[in-house]
Every structure is written in C-alpha cells, then in structure tokens.
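*Asks:* Sharing a structure, written as structure tokens. Questions coming.
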Protein chains: 2
Amino acid sequence: MRSAAISAIRAFASSSRISGSPVIARHLHASAGSKKIVGVFYKANEYAAMNPNFLGSAEGALGIREWLESQGHQYIVTDDKEGPNCELEKHIPDLHVLISTPFHPAYVTAERIKKAKNLQLLLTAGVGSDHIDLKAAAAAGLTVVEVTGSNVVSVAEDELMRILILVRNFLPGHHQVINGEWNVAGIAYRAYDLEGKTVGTVGAGRIGRLLLQRLKPFNCNLLYHDRLKMDPELENQTGAKFEEDLDSMLPKCDIVVINTPLTEKTRALFNKDRIAKMKKGVLIVNNARAAIMDTQAVVDACSSGRIGGYSGDVWHPQPAPKDHPWRYMPNQAMTPHISGTTIDAQLRYAAGVKDMLDRYFKGEQFPLQNYIVKEGKIASQYQ
Amino acid sequence: MRSAAISAIRAFASSSRISGSPVIARHLHASAGSKKIVGVFYKANEYAAMNPNFLGSAEGALGIREWLESQGHQYIVTDDKEGPNCELEKHIPDLHVLISTPFHPAYVTAERIKKAKNLQLLLTAGVGSDHIDLKAAAAAGLTVVEVTGSNVVSVAEDELMRILILVRNFLPGHHQVINGEWNVAGIAYRAYDLEGKTVGTVGAGRIGRLLLQRLKPFNCNLLYHDRLKMDPELENQTGAKFEEDLDSMLPKCDIVVINTPLTEKTRALFNKDRIAKMKKGVLIVNNARAAIMDTQAVVDACSSGRIGGYSGDVWHPQPAPKDHPWRYMPNQAMTPHISGTTIDAQLRYAAGVKDMLDRYFKGEQFPLQNYIVKEGKIASQYQ
C-alpha cells in the first residue's frame, strides 16, 4: 500500500496574466493529509452489475475508492451535477480535486471556480476539457489535466463506423427490418461504396491521424486540414493530402469528419454559410464537440438535403434534452456521447486518473502531454 | 451501334453426368436473331427518379433496354417472381436468358428449369447464385454466370461497418436518441474497442480477403478458415493466421464473419451445437447467405446471450416475411439484402451483364472467373 501523500509546494506562475485577469496563486500540493476528491460520472443503475470492468460509471467510480480511502482521502461520487441544489454544488466549497468526464460533463464555470476555495486539480477522465472554463481555471491558478490518448483509438474506430453507416444508408434499412418491411430500393437509391470517395478531416491530431490510418485500405481520396502539416512519413503512410485552407478543402469532400477541439475559434465554425460551401449531400461525422456546429444550421441543411447525413455522439448541452432538434432531423445517425467510453477506454482512463492522483499525492509532475492548464497557461490546442 | 448478334453453336458436354442425371445438351448460342431476355429486379417505385444511376432496380433495368431493343431483342423486366401466376412464370416457357440478382432472388428451381425449354443462360447481376438450382442447371446443360468481383468491395466494407456496429453497441444508442432518452450506461456497459479483439473469417475468398485488408490497421488478432491457405504474401500483408479446422478457430474468436458460399456443405453449418462451441457473447456478421445458419438456433442464442450480437443482410427466404424471427430477436443489427447493391456496385454489375450479353450474342466465351456452371460442371466454390 502506498504511504500517505507527500506534499510539495509549487507556486504557480502568479505573475503571468491570462485575459487580463491576474493569476491567483493556488498551491497544487499545498498540504499533506486528507484530500476531498469528487468524481462526477454517469449512473449505471441496472447496468452496473452487468460488467465487472464498467469502471467509468458512478457505481464503478474508476475502481479507485478502496485505494483512495485506504490513504485517508475522502471520495465523493455523484451523477447529480446541475442546478444550485445538486450534489456536486454542495461539495464545490471544500473539494480539492474534481474528476469529470466529457460523457456526463460537470460544467466547471467561472462561478464554480470562484466558490471552490480549496480546488487545486481538475482531472478529465477521458479527452476533451471544454466543459471547464479554461480561462477561469488558468486565471485561478488551477491545474487541468486529461488522460491524453486514453480513448483516441475508441473515437477513431467509432468515426469510421459512422462514416460507413452514413455512406451505406444503414439506418433506414434497419428500421425496415424492425417495422416488418422489405424495400431494398428505399435503401439502395442512396447507398454507396466508401471506395473512391473523398474524405476530409478537419483536424489531424491524435484521433484524426488514427482515422486516416484506418481509412487507408479503403482506397479513398484522403484530405486533412490542420494548423500544422504532418511529418512527411505519416503523410506518406496515410496518403492524406494537406489542405491549408479549410474553405478550399470542404467543397472537394464527399465526407467531412470533425476532429478539432472546441475553442473560441472553432465555436460554430460550421454555420449556415460554411455548410453552403460544401458539396450538396455531404456526409458529416462529428464526434468532436457539438458546439463546433451551428445547431439550427445543421437541422436546416439535413432537412433540405444539403447535408445528406449527419452522425456523431456529441451534443450541446449534455445530456441532450428531449426536445433537442438533432433527435428529430432527417438522415441523422446520432447516439448519446459514448464513443470515448468503451469498456477498453474506461480501463485506460481509470488507470490514467489513478496514476495522476498518485503523482498529485506525491507532489510529482504529470505526464507533459496530459496538461491542459498548467501554471496559468492553456495548452496550445485549446487556444 | 453494335450489329445484330452473331450466332455460334457450341454443344455442351452432353456426355458428362452430374448427380447421376444425364446432361441434356442445350446450345448456348444456338441461333441468331431475336432473343427473349427476362430480368428480375426489385422495384424502386418512388425512389426510381431519385438517382440517375439507380440501375439495379426494375425501373433502371441495368440501363440496357435501349441497347437490347435496338438489336431486335425482347427485354421483359419484372419484380413479380413468386407463385404460379407471377409475371416471371409466364415467360419461363420461352425465355432465352434470365437475369436475376441475390437482392430480390428469382428462385430458379429444377421445375422452372424443366419448363424453360429455350433457356440457355442464367445471368446473376451480382455475386451469389445459390437461388439457382445449380445441379439442375448443370444437368440441363445451362450456363450460369455471375459478375464476379462486381460487389466484393461493397460487401467487405459493409461487413466492417457491421462489426463496428456490434462491437460498439451502436443501435441501442441510436434508439435512445430517437426515443428522447439519454442513458450512456445502457450503451457503454457492453461497448468495446475493436482493437485487440480476435476476428475470424469463415471463408477467405475475394470478400474475406478484402475484409482482412481493411481490418489490418485496427490491430486485431486476425484468423481465417478456408479450404486453402492464402499465398504467403497476402498472409503477410494482412497478418491473418490460417486455421485449418473451423471448430478449433471458433472458440478463439470474439467476432466471427461468414464469407463462404451456400452449398450443401455449408447449409446450417452454424447449428445449435456449433454455436455452443463459440465464445459466450460472440458477435456474428453474416452477409453471405442466411441458410448457412440454423434460423432458430440463432434466435435462441441471441435470446440467451450466447450470441452477443448478430448482423447481416441475408435472409431465407427473401424478401423476409413479416414474421421472420430474426426481425424480433434481441441484439440484432439486420437490414434487408443491400450490401452488394450500392450505386457503385450497380454500375459495375450492370456493365458486367452488358458485356456478357454482348459476348453471348457474338458467341464469345465469358471471362473465366464468371462461370458458375459451364458445360455441366459446377464451379469449385459451389461444390
């Protein structure tokens, strides 16, 4: 059993300024002894007992309760995260660490950060920390970390599934089956091969690259838009061509996949005007973040046929309300936010969270690639 | 415009015997002049006008009507293929060529062959000719050809889609969306990555090999069972391991894909006993033929959880009746028979049929790989 946490005092760069507000120094490893750790996860209910590896649920609680409590830490887990009277809100004033996920996001607003006087560490179990007000977190001197890489394979595989579901017009076929119908024509008139089509990814970071690698044997025309050109070896390996200008790439694509984080630059990037520049009938896959799309513009374009199909697992907000229009638009192949929370991904991000908590207790640095906010600075992909 | 058909008389191997019955000699190119050609395709109805390349429908009629009629041939197209009073039955006595597809199969029984005194050529627009009684066709001296390779890419892509749909537990997620629900746990408790899983294909012919190539970057453990070992180059390229004994391979597989033709040897190959030998929770994809499975054994195993998910587009019979039990079993991701009839595949098999009709009129041989029955002999994959 690991011994009690070792403390280490590291002052954050209190002199730096983010967005004009002074960074209030908080001390990540300010004190030894008991920490209050709060985890916000989706509830599994009757599904909790169905899989011993279901660690990402509130019941599974990342499998770290015994380990935390044996070291004298307090571990509160809840799925109740919204409104002034929710369980999360009760613990905001005195928690030290908040563990949250993109699948059931605990929205960490500037207001909550202000209230959280003891808060030092915001840990995203998974990838994607836009549910946290990163500027406010940076200004407050908090550390924000993700388990970088923990579910990139999961998401890339899921994207390829969604591409095929749209290209093949799978869902109308399945719905015929369960409705007792049989009408091959009603599916086939807009079912295509993926082979020979042009697929463009907006963003070619970890997930985008894994997607391109998996697309390679499908003999498509692969394009990517990113801030940076890939290294030539990876470009050769995938055969993908760099497109510096997004608006030049989009009209070439039969299929567009969104693989960019949500930032102020990408918010509503796909508005009515940009969608109008795309091929008529374009298929869009978005497992990145919903707010990269203008919600109503997507509904209108799916209704008019300008977008031929839209599939993804990200919504704004989450959980998606019953009346979210994407639930009811034509040619959608949506799911709740699941692509990054496969059982395999849960095992990886649970291990990653445990490792970082261990480092936190010991006053050690985190793996460099995991930092989203460090010493008042926001990671480049979120700028 | 091509001139009128050139006739050529080639007697079939009337001395050979298939299944004990004497081969009745028919003459493939017995006479010049007008031929009666019947095509059986699914009706497109309101979808016919929605895509100018929708050639595989009864309305599209492979796009060869003008070409055939300009040469003086008669071309009857129908979707009405069942029962003693159907449109197809009326033309059986005097047709020369029957074009059919696996998607809306015209069942060519021994009885129909007996009635079809002028019949010379059975042309499958697509791949898979088990809707034809091949023994009876061979005994009658008929020629049966497919458009080999015309939709192998389409089917392999579709199989990979279905693997991912099952591995990710996609459909329960989508149904939550359209039902106004949100329950990540109800999906995630049995959603996995494909990476690291063992995938076995039963049959590694054209489609199985294309699937293995596409699976390669997913970092799975790939196995294949076939009559023959692949050449070492292809084995190296895909990294798939040969399994000589089917019953040794099956217990190793998380996912089994059926890629073998329906023959007397493969009929009901997956019965209750064989399914019982597979991993509990195995995922099965079958775009090959439904009769390779014992229908009720699949229903029972899906209900008990022994099969964790079953997806495919093939049914017995087709169209599947409203009360077909596979429509209503749990954890199915079925569609009507569509994987080989994408618009791209239709363009390829329409071109292949036209080419073979042209050769038929000219008395030329067909591409060797297209023959399923030739001169009283059935192609090896159907034996």
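Cβ atoms are placed via backbone N, Cα and C, with glycine included.
Any TrEMBL annotation is an automated prediction that lacks curation.
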*Asks:* Which one of A:N183, A:N236, A:N286, A:N287 goes with A:R206, A:I207, A:D226, A:P261, A:L262, A:T263, A:E264, A:K265, A:D313, A:H337, A:I338, A:S339, A:G340 at the NAD(+) site, as TrEMBL has it?
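*Replies:* Among the candidates, TrEMBL records only A:N287 at this NAD(+) site.
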*Asks:* Taking the binding-site residues one at a time (A:V127, A:L262), which has its Cβ surrounded by the most other Cβ atoms within 10 Å?
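*Replies:* Neighbour-count leader: A:V127.
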*Asks:* How long is the line from the C-alpha of A:D226 (NAD(+) binding site) to the C-alpha of A:N151 (substrate binding site), rounded to the nearest angstrom?
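*Replies:* Just about 20 Å between their Cα atoms.
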*Asks:* Which of the recorded positions listed here (A:V127, A:N151, A:R289) have a Cα atom within 10 Å of the Cα of A:S339 (NAD(+) binding site)?
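*Replies:* Those near A:S339 (NAD(+) binding site) - Cα within 10 Å - are A:N151, in sequence order.
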*Asks:* Could you work out which of the binding-site residues (A:N151, A:N287, A:S339) has its C-beta surrounded by the smallest number of other C-beta atoms within 10 A?
*Replies:* A:N287
*Asks:* Quick one: of A:D226, A:E264, which of the binding-site residues has the smallest count of other CB atoms within 10 A?
*Replies:* A:E264
*Asks:* Among the recorded positions A:R206, A:R289, which residue has the largest number of other Cβ atoms within 10 Å of its own Cβ?
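*Replies:* When each Cβ's neighbours within 10 Å are tallied, A:R289 tops the list.
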*Asks:* Which ones, of the binding-site residues A:V127, A:D226, A:E264, A:N287, A:H337, are Cβ-proximal to chain B (under 8 Å)?
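*Replies:* Listed binding-site residues passing the 8 Å Cβ cut to B: A:H337.
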